[in-house]
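Chemist: For reference, TrEMBL lists these features for the protein:
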type: SIGNAL; residues: 1-27; note: signal peptide
type: DOMAIN; residues: 75-181; note: domain 'Expansin-like EG45'
type: DOMAIN; residues: 194-281; note: domain 'Expansin-like CBD'
Amino acid sequence: MGSLPSLATAAAAVLLSILLAAGHCGAADFNATDEFAGNGVDFNSSDAAVYWGPWTKARATWYGQPNGAGPDDNGGACGFKHTNQYPFMSMTSCGNQPLFKDGKGCGSCYKIRCTKDPSCSGRTETVIITDMNYYPVAPFHFDLSGTAFGRLAKPGLNDKLRHSGIIDIEFTRVPCEFPGLKIGFHVEEFSNPVYFAVLVEYEDGDGDVVQVDLMESKSAYGGATGVWTPMRESWGSIWRLDANHRLQAPFSIRIRNESGKTLVAKNVIPANWRPNTFYRSFVQYS
């Protein structure tokens, strides 16, 4: 049993190295001496947490391929995968700290629009926070995928708007809607009997998760546990449990969103679970 924690530590170290190697989005380090500077805007404002609140000023840039989902691997610092596919459909964005919230903003949905640039259409588009922006150019900075940035343009002016580089936008938070999907759990690579890491995704409503707990089906001695063990936020929307014993599957998972609503996915992770495998629940916030 003395070697079990070392397996968990090694797995965590590998995950961290992968994250650091993956790179992050972010524009060049602009000097934000403009209308945002000195006007009392709070970088930790709660504006980003209010649904259908007043339109709030922000700045937008874009990264990756002009018609891509942002990162070359269609992922990002939230841990989501295949962001070029449904339900993300490449309509993704990096958020700086007031939007990313140390990972607890992962999966949040925002409506955005631009009107100042001559190429802007003024239409609203919905984007999902999937990555972290480490180089903000404004108190609220959306570093959009090329696809999302281009969608803000008038017909035929997508490339012209992208050539603007950095634009003024407005945003408001909205509930997420993922029709046809239940909340999913992706067991991360390198998970093992004493280290369990899971990506939580496709939550309607808030779209984010602020706490995850795991219940084993039985104790190491054979009896039912009935005990919820808090998991730790590893990075992005990935939560981990480092155990001092061999975990007893199947696992039930309990999640709580930013609004305080709790859901339980009973026995969602089967007894024969495998790393790098997706398991869909039968629960959803809507």
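Cβ atoms are placed via backbone N, Cα and C, with glycine included.
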Chemist: Taking DSSP states H, G and I as helix and E and B as strand, how many residues of the domain 'Expansin-like CBD' (194-281) are helix, strand and coil?
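Modeler: For that range the per-state counts are 0 helix, 43 strand, 45 coil.
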Chemist: Go ahead and report the DSSP secondary structure tallies for the domain 'Expansin-like EG45' (75-181): helix first, then strand, then coil.
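Modeler: So the domain 'Expansin-like EG45' (75-181) is made up of 18 helix, 34 strand, 55 coil.
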